[in-house]
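A short write-up of the structure that comes next.
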Amino acid sequence: MTILKIDSSILGDHSVSRKLSAGIVARLLAARPGERVVHRDLGAAPVPHLSGATLAAAQSPAAEHAPEVAADLALGGAVLREFLEADTVVIGVAFYNFSVSSQLKAWIDRILVAGQTFRYGADGRPEGLAGGKRVILAVARGGFYGAGAPAAAFEHGESYLRAALGFIGITEPEVVLAEGLAVGAEQRMAAMAAAEQRIAALAA
């Protein structure tokens, strides 16, 4: 069994989403110590954004690919294989300017691939092909963006991921959330304590 751990924050050791994702993986390993963990750090080693050249090359013979395009296609293939081979995916979700980091968006673009993680049926409707995976989102937000909050309309991080994952068949991702982290020290401590309780309660 394989756990794929994705971190998307650019804050390194100061990142809360990284602390949460690490805690989730530790919780899973405590119950299943034999699990293999694959870690992709998008903050330290970003996956390049898709380019027109890469998209065009994907439809042409390998012999015609420029070296830099071939390397990009190979990286995209490796990212997709990591996802496809994982049984559980833990995603550290940083929340920047009302959405996910651009690094995480670039990763999402590499795993939403027609014929691999989704397909269109004869009636033109999409069908997700990755529904057997367990996905846990470790979400960290500086303010309050949940349902009923004054800024709820600005929440395009968790909601975006739910839509993208749902498109490929993952309709019930689990969420560990710490929010209001920038409101003050007391709120930060309360948010972290609540997130840690949520991690402890995760099914192994």
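Every residue gets a Cβ built from N, Cα and C, even glycine.
All TrEMBL annotations are machine predictions without curation.
Keep in mind it's a predicted model, so treat the numbers as computed, not measured.
Record features (TrEMBL):
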| type | residues | note |
| --- | --- | --- |
| BINDING | SER9, SER15, VAL16, SER17 | FMN binding site |
| DOMAIN | 1-201 | domain 'Flavodoxin-like fold' |
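When each of the binding-site residues SER15, SER17 is scored by how many other Cβ atoms sit within 10 Å of its Cβ, SER15 comes out lowest. Over all protein chains present, the Cβ of VAL16 (FMN binding site) has 24 other Cβ atoms lying within 10 Å.
Under the three-state DSSP scheme, SER17 (FMN binding site) falls in the helix class. Summarised as a single figure, the pLDDT of the domain 'Flavodoxin-like fold' (1-201) averages 96. In sequence order, ASP7, LEU11, HIS14, ARG18, LYS19, LEU20, SER21, GLY92, ALA94, ALA138, ALA140 are the residues of the same chain, not among SER9, SER15, VAL16, SER17, whose CB sits within 8 A of the CB centroid for the FMN site.
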